[in-house]
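Colleague: So that we are looking at the same thing, I have put the structure below in C-alpha cells.
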Amino acid sequence: MRECDAQEEGGPKCYPEQWYCDGYPDCHDKSDEPPTCQRACLESEFVCKSGKCLPRAYLCDGQNDCGRLPSGLRDLSDEDPAICKTSLKCDQNEYPCAKTPQCVPLSKFCDGKVDCGDGSDEHTMCHVEDPKTAEQCEYGAAMTIDGVKCFCANGKFVNSASRCEWVNRCERGKMGLSPVCSQGCEDYKNGTFRCSCFDSRLKLMNGTHCVADEKAAHPSFAILTPKEMYIVQKNSMTNFSSMPRPLGKTGAFVIVHEHPDFAAESKIPVLCVTESPSPNSSLVTCGTVSSPSIVKSYAVDFDLPAVRIMRFDVLGGNWIFSDGQFYVVLCKHEKKRIVNCATISSVGTMKDLVYDAVNGQLFVADGDMFHQGAIWRIDVATAPGAPGVRHRLTTQSTDTPAIAIDPFTEFLYYVDSASNVVRAISYNGTDPRIAVGGQIANQIKFMDFADGKLILVLKDERIFVVDTLNPDWKNWQELTPPTNGGAPKSILAVQHFQTGEHLWKRGKSKCKCDGICVSSSRSCLCRDGLAAKGSKCLEPLSNDKFLVLAQLRPSRVQILGLQEDGNAQSVGIPAILGARRPSALTFDPKQRRLLIFDRQRHSLMVQRLAEPDNFTLHGLAGVVNCEGMAYDHTADNLYMTDQARRLIVVARLANLNVQRIIVSGNMSNPRAIVVHVEKSYLFWGSWNEHENREGWPAMIERAKLDGSQRKDLKDAIKAEWDAITETELTMLVARMPNRVIKVI
C-alpha cells in the first residue's frame, strides 16, 4: 500500500500499489500520478493528451472519455474535431481552442497566460476592444479569435438574449455531471432547488437522499458468502452462519426479499437455490438464514442444471431464469410449483442481468463476440403476444462485468472496464455520464444500487458504498465482512432490500391473468405455445398439419400449426418442457402422440397432444445417443439410430424391452431416419462433424424395414430408380430433422 493526501482533510489515505502510475489520479494531491510516471499504450489504443489509453472505439462517440489534464482542464482529445470532423462541444462559459481539442473558460481568454495548446486564447486581437458588443454582455465579455463572446458567473449561462440565466441544477445529469437529488428535483431558476421523493413513504436525508431510515448511514443489504450471509442494516452488520442449503454444489442462486411464502420471516431476505436431486426432478429450494429449518421447494417443469442466473420479481410473483448464453425465461410462481414458462428473449454471452419490476424491463450486459459487448434493455411485455423487444443502450463496444439500476430515476449503472469507470445512462440510452472514475472501477465484480448509492464488490472481496451524488472517494464507506485474521471471504452476491420498495408506482393491485402477470403493464404473458387474448390464454385450435420443433436450450418441444402457404402459427398447444435433452422425436398419427428421446434420462417420452402437461417415461436400455427416430404406426415399430454404437435398432412401442439390431457397421454416425411404410423402406443419414479417421463418408442409405437390401442411396438410385419416385425421395429427405447432409 502507498500513502497520499497527507495534507488533506481526513488524510492521509492509503491506496493499492497497482494504482500508482496507472494513468488515473486517485488522490487529491495527485501524488499517485507524478510527472515521472511513464506508460506505453497498446498499438490498438488511442493515446489521450493526458496520457490515458483508450480503446479506439471510444473515439468520436460523442462522450469525453480522456478525463482531465494536469491543469484541471478537460482533455477532449478523443473528440478532436480534426479527427472526428465535427465541432467541439464546450460547457457553459467555455470556448474551444482554434486547433487543439480543448475548451477553456472565457474568463481566461486574453489574461496574459496561455491555456490553449495552440496559444489561441492569447491571440493577436486581444488588444482590440469592441465596446458595442461588450455592452450587450450582462456579466463579462471575452475577445476570442471569432470576436467578442459573453460569459456569466459560475452557476449561470448566456441565454439566447445574451442575458445570464441560472443553470438548471436539476438537469446536471443531462450535462454529464453528478445529479443533485437521488429522486425528484424541482429547480427554482434562482440557483436553488428542492429535492423530493417519488415514494411518499420515504424521507429526505440531508435534503438530497430519499431513504427508508434517515438514521441509517447506508442502505440495507445482504452479503452472501459460500458459508454465511451478512445482513447490513441500521448501521450494523449481523452474521448468519446457518444456511438453508450448502452453496458450491448448487447451480444458480438468488437473494429474495419479501418472498410471498415467507411472510413471517420477511425482515430477513430468503436464499433460493436451484437443485436437481435426481435426473427426473428440478427444484428451486428457498429458506431463511435466520430459521434454516424452514425450507420450501418448488418443482420446475424444465431442466435447471443449465441455469446460471436466477432472479425473482417480487411485484409480479415471477421467476426469471437464464443459462447465460441462449435464453431468458419468465415463469409464474405458485405455492408448490413454478409453472407457465415463457421465453422472453435470446441472449449472447451474458455477464449480468437485472430486472426492473416497476417498469417490467430486463437489462442485460451482453459479452457476445458478434455484438462486441453491449448493454440491452428487454421490454418484457410491450404488447400482447410480443414479449422480449430488445433495445441496445450502448453504442460503443463495452466489456461490462456488472450492472445496477435505479427504477426511481430510470437510470442504469454499468462498469466500463475498457476506460476504468462506472457509467450511468438513462433507460433510453441517453444522458450518459461518468458516475465513478479511477482505477477502482476496473476492480469491480458485483454491483447494486439503492438510496442514491452504489454498493460495489471488488475483486479483492472488499465492499464499498459510494454516494453517486458525491462520488469523491474520500466519502466512500467500506463495509467488508470481518476476516478475523484469516483470508478475505469470497463474496458471491450483494442485494439491497427495502420493505415494499416496488409498490410506490403500481400499488398492491395485481392484474387478472390466467398466464403470467407482468405487473408493470397489467398485461398477460402466456406460456410458450399459447397466445394471449386479453387476460386469457387461447385454447388449442383445430389443425390438420403440425410443425414440431425440439430445442436443447432451453429444453423444450414446440408444436406449431403448419398452414398451406408453409407459414407456421401458434395453435394453442403449450410447449412441452418435461424433456431434459430432447435429441430426437417422431409422431404417432394414429393416437396423436409425440415420441421424444430424452438423452439425459436415456428414456422415451410419450406425450399426447391433447394433454400437454401429462406424459409417460419409458426406459430404453441399450440406446445411448439417439438423434433420429421413425415410427411405423401400422406395425407399432419404433426405429432408432444410435450414434454411440453406430447402429439402428427397432423395438415394439408396446414393449420397448424387446429390441433388435437391424443395421450396424460400415458408417460413421447414424443420425436422422425416416420410414416409407408403403414401400417398406428405411432411409437414414450418417456423418461426423469431426474428422472421420475411419474414412466413412457422409451419406444417405436405404434398406428394407428388416435391414436387408442395404445400399448407399446413390447406388440405389442407379440400380432401382423406378422403385421410388423422385417426388417421394425429395419428401423423405426433407423430413429428416436437424441437418441437411448433402444434395444428390
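Here the Cβ of each residue, glycine as well, is placed from N, Cα and C on the backbone.
Got these off TrEMBL a minute ago, pasting:
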type     : residues    : note
DISULFID : Cys41-Cys53 : disulfide bond
DISULFID : Cys48-Cys66 : disulfide bond
Colleague: What's the CA-CA gap between Cys53 (disulfide bond) and Cys66 (disulfide bond) in angstrom, rounded?
Modeller: 8
Colleague: Can you tell me how far the Cα of Cys48 (disulfide bond) sits from the Cα of Cys41 (disulfide bond), in Å?
Modeller: 10
Colleague: Rounded to an integer, what is the Cα-Cα distance in Å between Cys66 (disulfide bond) and Cys41 (disulfide bond)?
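Modeller: Distance (Cα to Cα, whole Å): 13 Å.
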Colleague: Around Cys41 (disulfide bond), which residues of its chain at least 6 apart sit with Cβ under 8 Å of its Cβ?
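Modeller: The list for Cys41 (disulfide bond) reads Val47, Cys53, given in order along the sequence.
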Colleague: Return the residue, from the listed disulfide-bonded residues Cys48, Cys53, with the maximum count of other C-beta atoms within 10 angstroms of its C-beta.
Modeller: Cys48
